[in-house]
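Worksheet: one structure, shown below.
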Amino acid sequence: MTVQMGIKPISAGRRVKNGVAQVLVYLAFAVAVVPLVSVLWLVIRNGLKRFDIEFLTHSMRNIGARDAGGGAYHAIIGTLEQVLLASLIAVPIGLLTAVYLVEYGNGGRLSRLISFFVDIMTGVPSIVAGLFVLAFWILVLGMTFSGFAGALALSILMMPVVVRSTEEMLRLVPNELREASYALGVPKWRTIAKVVLPTAFTGIVTGVMLAVARVAGETAPLLLTVFFTDSINEDPFNGPQMGLPLYVFGQSALPQDVAIDRAWTGALTLILIVMLLNLVARLISWWRSPAKRG
Amino acid sequence: MATSLPKTEGGPALSRSAYRRSRGDVPFRFVSTASGVVLLAIMAAIAVFLVVKAVPALQANTSHFLTELTWVPNATEPVFGIGALAFGTVISSFIALVVATPVAVGVALFISHYAPRRLASVLGYVIDLLAAVPSVVYGLWGVTFLVPFMLGPSKFLNDYLGWIPIFGGDSVVGKSMLTASLVLAIMILPIIAAISREVFLQAPKIQEEAALALGATRWEMIRMAVLPFGRPGVITAALLGLGRAMGETIAVALIFPATFTISFRILSPNGNSIAANIANGFGEATDIGRGALIASGLVLFVITLVVNTAARLIIARRKEYARAAA
């Protein structure tokens, strides 16, 4: 072997290893995208079959599993009401908890404890949230199955997401703004309400929308708290309601083709709602992103 | 961060009305602290009420809850146990983790170190979309598409790799533990990929550049500078994914054949999980039946609590990761 001057070329073995690693990494991404494409393609292709006015305006009342027709109006109404109620419960609690953690907690023992349990709460399985509401609200307090019970379960899943995203946004607010406000003699709570929260507003809204999108697709907690109905029930506080995810679950467990078709269209409607919420969230954050404005 | 800087009371320039307004601090502070405490109370209440409703059913049980395999809680002499369900939950989540983690790490590396920078954020968003698909849609997709589709590959595995016990067995079906695990793997992939990506992006640039300057190939640079730095982050991500897989309900409730046996043959019609059993069994459950399901939910709660706490403890030791897991 001759002694070479200067930089030696990369040996064949190292080059092959590098090439193999690159191929594997590209392959991993391709493999991850395949199921996404497959799911979206099937949902769109099969869902469009029944995506008509009847589906959006009719319930399943008096429609047997084998009959064609029927729709998900009752489920769409139920989902919208349940998610709205869940947000009404979870957003104030989540928002105020984040305010506590950032503005008042000061890294004390209570704030570290709350912070830790917010993380743990993120990992609570959705079915456990449903079981808790079943055990507490329905079995111990003796309430009936209702849309509101479902909203309670969903709000438990929403809270930690709202806390985390709001907390992150509040921490992005420059301390100089707070100090300027204090210097003008504005009390702390007014500084938070009039300076800190408005500054972080768009980021908070984005986080809330993402949280809403997350729970809108939840099925398991509804199964245990809202129960099933084929009729329209516009009152979320009284009697069983329906939810769109529950509707998809119910129809897809049936063997008939017409039911499976309804399930696909329900899935399409659900994905459209979730994607719309995601898109709105991204648009809001893009529209007034502090990072982009430099 | 925001330390309570000025004590507004007593400032010389404060008017009476400003002073009165500052008293709003007390209720505001109280309300926000109370919200945090409410959150703690909810976590405590979940544990307490699950125990309260589980105990009567456990007392009525005529068998040992932790070791019994069958699940007949609605009979006059209830017999039920968590054995087979816990086994199915752990095995299916574990297979999902084994399948999803390498792919997710690859995806994370692709987005953080291989993809062109302009494309990277868009491609990251595409992977996040996987997480935005509701689980019931994965269930529908699994039952109508993946279950029949998996029959071919499963037969192939059984024919050629049947000598490995987990691929053995005489009856090979689509509605198997393997199919359910694959759906779980797809569902936990985005969370593992997202956290790993954040951690890989935080790897010290200076070490990456040093490795490249010394003549390392891209892969050698990643092996020397990125992966060692990211390892605890990837472990955390995998644990969080494991917790998510164990709690996943609806997608697998449609796919699992809902048996109550313990079998390692993942291609045969075996398999069930705690969460799937709750979803499938709730409709016809009596009082004791509901209590039994709540007891099984309590077990699931404790298992996921342990897994998630472990994940959080690993992440808490590395402050620089704090953002990644948010």
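We number each residue from 1, going along the chain as drawn.
The backbone N, Cα and C atoms fix where each Cβ goes, glycine too.
Caution: TrEMBL annotation is automatic and unverified by curators.
When Cβ-Cβ distances below 8 Å are used as the criterion, the transmembrane segment (B:30-58) is approached by residues 65, 73, 78, 288-292, 294-295, 297-298, 301 of the same chain, each at least six residues removed from its ends. Residues or ranges marked as transmembrane segment in TrEMBL: B:30-58 (among others).
Through the fold, the transmembrane segment (B:78-111) approaches residues 57, 60-72, 120, 123-124, 127, 177-178, 180-182, 184-190, 192-194, 196-197, 199-200, 222, 226, 234, 237-238, 241-242, 245-246, 252, 256, 259-262, 264, 266, 270-275, 277, 288-289, 292, 295-296, 299-300, 303 of its own chain, all at least 6 residues removed from its boundaries and within a Cβ separation under 8 Å. Taken from TrEMBL, the feature transmembrane segment applies to B:78-111 (among others).
The domain 'ABC transmembrane type-1' annotation in TrEMBL covers B:86-311.
As annotated by TrEMBL, transmembrane segment applies to B:123-152 (among others). Note on the transmembrane segment (B:123-152): residues 107, 110-111, 115, 172-176, 178-180, 182-183, 186-187, 189-191, 193-194, 197, 248-255 of its chain, located 6 or more positions outside it, place their CB under 8 angstroms from a CB of the stretch.
For B:172-195 (among others), the entry in TrEMBL reads transmembrane segment.
Residues annotated as transmembrane segment in TrEMBL: B:249-268 (among others). Residues 69-71, 83-85, 87-88, 91-92, 95, 135-136, 138-140, 142-143, 146-147, 154, 157-158, 165-173, 175-181, 183-184, 187, 275-280 of the same chain sit 6 or more residues outside the transmembrane segment (B:249-268) yet have a Cβ under 8 Å from a Cβ within it.
According to TrEMBL, the feature transmembrane segment maps to B:288-315 (among others).
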